[in-house]
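**Student:** Sharing a structure below in structure tokens format, with a few things to ask.
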Amino acid sequence: MCGINGIIRFGKEVIKEEINKMNKAIKHRGPDDEGIFIYNFKNYSIGLGHVRLAILDLSEKGHQPMGYNVDEDKIIYRDDELDRADIIIVYNGEIYNYLELKEKFNLETETGTDTEVILKLYNKLGFDCVKEFNGMWAFCIFDKKKGLIFCSRDRLGVKPFYYYWDGNEFIFSSELKGILAVKEINKKENINKDAVELYFALGFIPSPYSIYKNTFKLEARQNLIFDLDKREIRKYYYWELPDYKPIYDKKKLIEEGKKLLYDAVKIRMRSDVPVGAFLSGGLDSSTVVGVMREFTDLSKLHTFSIGFEGKYDETPYIKIVVDYFKTQHHHYYFKERDFEELIDKYSWIYDEPFGDYSGFPTYKVSEMARKFVTVVLSGDGGDEVFGGYMTHLNGYRMDFIRKLPKFLRVVGSKLPVKKDLNGIANLYLLKEAFRLSLINPEEFYAESIKEDAIRPEIYKKWTIEKLRYCLNKGDNKLGEALRIFDLLFNTLCDNFLVKVDRASMLTLWKLEVHF
């Protein structure tokens, strides 16, 4: 949707050309407009930059950086007038419930943007304003009167936020390339060893790590408060997954699930530009398209898909859905030459090691979609919410096995079978299940990979810490914990959501996730 940049520096002024370089580095995220704000105080200097992809209120009133003069109750959206503002924001994302928030808090607004709602709600509620938001966001607010910087990232980390801090400079951007435009950290001695080890174990680098030292990702559901007078940074989680008990009443599950899904799709279709949908042929994206028919004419809806040569092609399933819903469908077959064309571009797109090869077809389908629409709905997150991965099923099986007497599990863990023996693979898996049932549930991931080469200590520490949190939230059931683990830490935030953010921003449109 957009891109944000900024520099906070002590002892030396930020110059406009630096922010201009950062904006240029991520211009692909926002081709419609850009803005810069520079502020020099007695002991610090601030520069903020923004590149815009217009979705809501396409007029100049959506320009950023955007400011708010509290005494005059006036929104300022011209760069040359921002000195009059008390609060200035650069923001990437969308607050879906901004209209409801305007009504709830009696906010008088001058623009049709959700950016203005964030500014005025921050002025009214302070840092707790994010607790009211239903949406995806990464933003930085400069509060002149309080002398602080307030940064925040949405609950699941849909929108990215990278920052560099060395005690003298705080530099942030929507992508690492924004930071690299003004800071020479792309050197061998700056490579973060822990991040490299986590990458080889996970296939991505999880928050708060980045590939470089002193450079971090703001974590999902996290606020960062920077006291500029004290040079102190404080981070905290503004949201925790509520404690809950699983619902086993099928009727109640269907009723609540349907209501939540319909509400999610409806509110994400708010837009002043054309909306389409990805369609993979799977349950998640097909369900989203099915729900969309309640709020739009599907005969005018553009849907997009990718096919492959060979056994992994799901084109027949896609065709079934398209024939049923009668959408305006666009299909592309991903070929070997597409891979060859993109391979050299891959490292530039993702800035740091990223091992999900599905990023290649995601880029191609995004490129195709941009010819027809500006906003695309997808089915990402469905497996994490509904327990759709085999690891989740294995976790539920493990919960059952743990109910067996311990002596039986000990005997089972010593079955004289090996992994490479033909014909008894299921016996080996059963032996492994018995073995894993004897360890603490929080060590499930740390112990399920035996090869030390791809199970470094930092990986063990990271998975144990995250699974412990998930077990506490999941009624101490491993199946529930593994689902929460994927939702909050593993498959979504720094993996799948990174993939779709980079692909969509590079091809200039906004992607919405629903589950």
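Here the Cβ of each residue, glycine as well, is placed from N, Cα and C on the backbone.
The structure displayed is predicted, hence computed values, not measured ones.
Feature table excerpt (Swiss-Prot):
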- 2-229: domain 'Glutamine amidotransferase type-2' (DOMAIN)
- CYS2: active site, for GATase activity (ACT_SITE)
- ARG52, LEU53, ALA54, ILE55, LEU56, ASN92, GLY93, GLU94, ASP114: L-glutamine binding site (BINDING)
- ILE306, SER378, GLY379: ATP binding site (BINDING)
- ASP380: site 'Important for beta-aspartyl-AMP intermediate formation' (SITE)
**Student:** Relative to the Cα of ASP380 (site 'Important for beta-aspartyl-AMP intermediate formation'), which of the recorded positions CYS2, ARG52, ALA54, GLY93 has the closest Cα?
**Tutor:** GLY93
**Student:** Hey, what's the Cβ neighbour count for CYS2 (active site, for GATase activity) at 10 Å?
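**Tutor:** Total other Cβ atoms inside 10 Å, all chains included: 29.
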**Student:** Which of these recorded positions is closest to SER378 (ATP binding site) if you go by CA atoms: CYS2, ARG52, ALA54, GLY93, ASP114?
**Tutor:** GLY93
**Student:** Tell me, in order along the sequence, which recorded positions from CYS2, ILE306, GLY379 have their CA within 10 Å of GLY93 (L-glutamine binding site).
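**Tutor:** Cα within 10 Å of GLY93 (L-glutamine binding site): CYS2.
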**Student:** Measuring Cα to Cα, how many angstrom lie between ARG52 (L-glutamine binding site) and CYS2 (active site, for GATase activity)?
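**Tutor:** Cα-Cα distance, ARG52 (L-glutamine binding site) to CYS2 (active site, for GATase activity): 5 Å.
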**Student:** Please report the distance from the Cα of the residue listed as 'active site, for GATase activity' to the Cα of GLY379 (ATP binding site), rounded to the nearest angstrom.
**Tutor:** 22
**Student:** A 10 Å Cβ contact count, applied to the binding-site residues ALA54, ILE306: which residue has the minimum?
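**Tutor:** It is ALA54 that, of the binding-site residues ALA54, ILE306, has the fewest other Cβ atoms within 10 Å.
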**Student:** Quick check for the class: what is the C-alpha distance, in angstrom and rounded, between ASP114 (L-glutamine binding site) and GLY379 (ATP binding site)?
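**Tutor:** Cα-Cα distance, ASP114 (L-glutamine binding site) to GLY379 (ATP binding site): 24 Å.
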